[in-house]
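*Asks:* This is the structure I want to talk about, given as structure tokens.
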Amino acid sequence: MKPDAAQVKTFLLQLQDSLCQQLSAVDGAPFIEDAWQREGGGGGRSRVLREGRVFEQAGVNFSHVHGDAMPASATAHRPELAGRSFEAMGVSLVVHPLNPYVPTSHANVRFFIAEKPGADPVWWFGGGFDLTPYYGFEEDAVHWHRTARDLCLPFGEEVYPRYKKWCDDYFYLKHRQEQRGIGGLFFDDLNTPDFDHCFAFMQAVGNGYADAYLPIVERRKATPYGERERHFQLYRRGRYVEFNLVWDRGTLFGLQTGGRTESILMSMPPLVRWEYDYQPEPGSPEAALSEFIQVRDWL
């Protein structure tokens, strides 16, 4: 079947609505919408929930940009895209909870298509979701990965292991030699066997995120915590910032190609701290995190 960008856009808009409704239902606070236009073509809807009871900040962004030609930075690696008009659309979200016992989560799903008269379109899907705990709970990690595996199973037994490994490899801070969190799923350049199959998988990932994350939020949101836990949460959020600004391809691409800065940096935590040569107390729950986030088979 010929790729249908309009169908993908309809799903993405519905997904943004659904995710905002579900997150608001947990927190009680509303999302504030900021609709924006891109000078070169397209625009989006950025929605942010701030200073809620459960979520210190949650951002759910939809964007749909298009143009007559790809930026040089994009065609350098993919010469087949030169001279083509393009459309890129997606939903991305990051949730930074207030309670340190609730993990931070990130998800995105996206679609890209480039066309020119007389030639087949070049298109692909990408996306995934990943979890960044501050205090590790095995039952949460198992639930997260089981949900990821179960949504992958209808598409083949090999899908979950492949995209789990890609996620582990991608969300790695080389300068710290540590994982960002416990991973999940990550896929890109997905265009086989056909459009319908790939679109169905992207929808499964987009819809599966809430099933993976919200039960963990409900389980941990009322856990008592104090200054020590909050201190550690803010310190570990520094790793999130480091990854996004140093290693994340999407962030770097957006900033280098004149993307909308406010939307790109919506993933940043509202508060964060660094501490020179911080060492957690041996044997403490804080010290246990480095072992917990090591790559492993959670299932």
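A Cβ is built for glycine as well, from the same backbone N, Cα and C atoms used for every other residue.
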*Asks:* For the substrate site that Swiss-Prot lists with N108, V109, R110, G258, G259, R260, give the additional residue from the candidates S85, S92.
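*Replies:* Substrate site check in Swiss-Prot: besides N108, V109, R110, G258, G259, R260, the record includes S92 out of S85, S92.
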*Asks:* Taking 132-167, 240-275 as the choices, which stretch does Swiss-Prot tie to region 'Important for dimerization'?
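*Replies:* Result: 240-275 is the stretch Swiss-Prot calls region 'Important for dimerization'.
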*Asks:* Using DSSP with the three-state reduction, classify H145 (divalent metal cation binding site) as helix, strand or coil.
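*Replies:* For H145 (divalent metal cation binding site) - judged by DSSP and reduced to three states - the answer is helix.
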*Asks:* Quick one: of H106, R110, H145, H175, which of the binding-site residues has the smallest count of other CB atoms within 10 A?
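*Replies:* Fewest other Cβ atoms within 10 Å, among the binding-site residues H106, R110, H145, H175, is found for H175.
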*Asks:* Far apart in sequence but close in space: which same-chain residues, 6 or more away, have a Cβ under 8 Å from G259 (substrate binding site)?
*Replies:* F253
*Asks:* Restricting to the region 'Important for dimerization' (240-275), report the mean pLDDT as a whole number.
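*Replies:* Here the mean pLDDT over the region 'Important for dimerization' (240-275) amounts to 90.
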*Asks:* If you run through the region 'Important for dimerization' (240-275) with DSSP, how many residues end up as helix, strand and coil?
*Replies:* 22 helix, 0 strand, 14 coil
